Amino acid sequence: MSCENRFSSVNRKLKYISLAILVVQNASLILSIRYVRTLPGDRFFTTSAVVMAEVLKVLTCLLIILFQRKGNLKEFIVLQYNSIVIQYKDTLKLAVPALIYTLQNNLQYVAISNLPAATFQVTYQLKILTTALFSVLMLRKSLSRIQWLSLLLLFAGVAIVQLEQEGKQKETTVTGPSQNYAKGLVAVIVSCLSSGFAGVYFEKILKGSSASVWMRNIQLGIFGTLLGLLGMWWNDGLAIAEKGFLFGYTPMVWGVIFNQAFGGLLVAVVVKYADNILKGFATSFSIIVSTVVSVYLFGFHVDLLFTLGAGLVIGAVYMYSLPKAAAPSPSTATLSSSSHSLADGVGDSETEAFLPKSVLVK
């Protein structure tokens, strides 16, 4: 009995540690990207940062699979060859989400560079709405009344925040150096749409295949790297040829890239000890953290409208993460538990944690 109590106590502590890690990861990525993009001096190329994050993600997944194979290099190489080359049709399916994720990662840099961190954090929660809608349309999933209500509250909260920010833009003629609010807003909305579609599409592929999420992330990362290099050449090719791939990279920039690359994998580890309600709470609390830090770091002004809008979004995120009221029958319990959560872009909580996460709140 004492062993059971000890195990329960350890598990409870791990849940709260997981919550703290999720909050720090969610808030720190947005704040750090905003910070490095507003610093004076040489600016790094965001397209190169996207490519570097993909490369680090692929290398990490390769090392994990090699570790799972207990260092058996021959078995590891055969597995990679069979999964990527022999089953090339299966690999090619990942080209679509890879293209969308690459676009999304670049758009998030654009959005955070042009929007206050707190405003971006609140508005980016629209990905829950887009993911839910794509899940209903593409996967024929059903949502509870509470979830539909939470989506309405989410939309209302984001709308209030945007109206409040729009009013500020009209009141002030000076925004920030080279910042364009409309450009940032369009970027975050397109990013939310792409996040919803790519997450549901990726979930559909995962559920129709026996390949591990690690292998899927490697396949996704290969396409993501190639497409990222293409986008880098298209947008910044001449400048990078002149100044170098790592131009403007500082320890802070490297920190952002590592956070972006390993964020989803980090969440994958801690999510084993947390549940969906804690994940929703972590997302909500990270919005509060981003807002408070933005006040001190960037001079962000919080007024009544922003508080109301952010409060609605936080409540909506928490409501959406609550389990459905109706208890599933024993025959469908496993299926229901694996397809319930949509809060971060896919249905399965373990699956979603391994998705290529950009500012995500993994």
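Glycine too: its Cβ is placed from the backbone N, Cα and C atoms.
Automated prediction, rather than curation, is the source of TrEMBL annotations.
Residues or ranges marked as transmembrane segment by TrEMBL: 16-36 (among others).
What TrEMBL lists as transmembrane segment is 48-67 (among others).
According to TrEMBL, the transmembrane segment annotation covers 146-163 (among others). A Cβ distance under 8 Å defines the sequence-distant neighbours of the transmembrane segment (146-163), meaning residues of its chain 6+ beyond its ends; these are 119, 122-123, 125-126, 128-129, 132, 185, 305-306, 308-317, 319-320, 322, 324-325.
Annotation comment: TrEMBL describes 183-202 (among others) as transmembrane segment.
As annotated by TrEMBL, transmembrane segment applies to 214-234 (among others).
Summarising the annotation, TrEMBL assigns transmembrane segment to 246-271 (among others).
Sequence annotations record features per position, and here TrEMBL assigns transmembrane segment to 278-298 (among others).
Residues or ranges marked as transmembrane segment in TrEMBL: 304-322 (among others).
Looking at which of 16-36, 48-67, 183-202, 214-234, 304-322 has the most CB pairs under 8 Å to the transmembrane segment (278-298), the answer is the stretch 16-36. Remote same-chain partners of the transmembrane segment (183-202), defined as residues 6 or more beyond its termini with a Cβ less than 8 Å from a stretch Cβ, comprise 94, 96-97, 100-101, 103-104, 107-108, 110-115, 120, 123-124, 126-127, 129-135, 138-139, 162, 216, 220, 344-346, 352, 355, 358. Cβ atoms under 8 Å from those of the transmembrane segment (214-234) belong to residues 45, 47-48, 50-51, 54-55, 57-58, 61-62, 64-65, 68, 79-80, 83-84, 91, 94-95, 97-99, 101-102, 105-106, 202, 205-206, 240, 354-356 of the same chain, restricted to positions at least 6 beyond its ends. Cβ atoms under 8 Å from those of the transmembrane segment (48-67) belong to residues 73, 76, 79-80, 102, 105-106, 109, 212, 214-215, 217-218, 221-222, 224-225, 228-229, 231-232, 236, 240, 245-247, 253, 256-258, 260-262, 264-265, 356 of the same chain, restricted to positions at least 6 beyond its ends.
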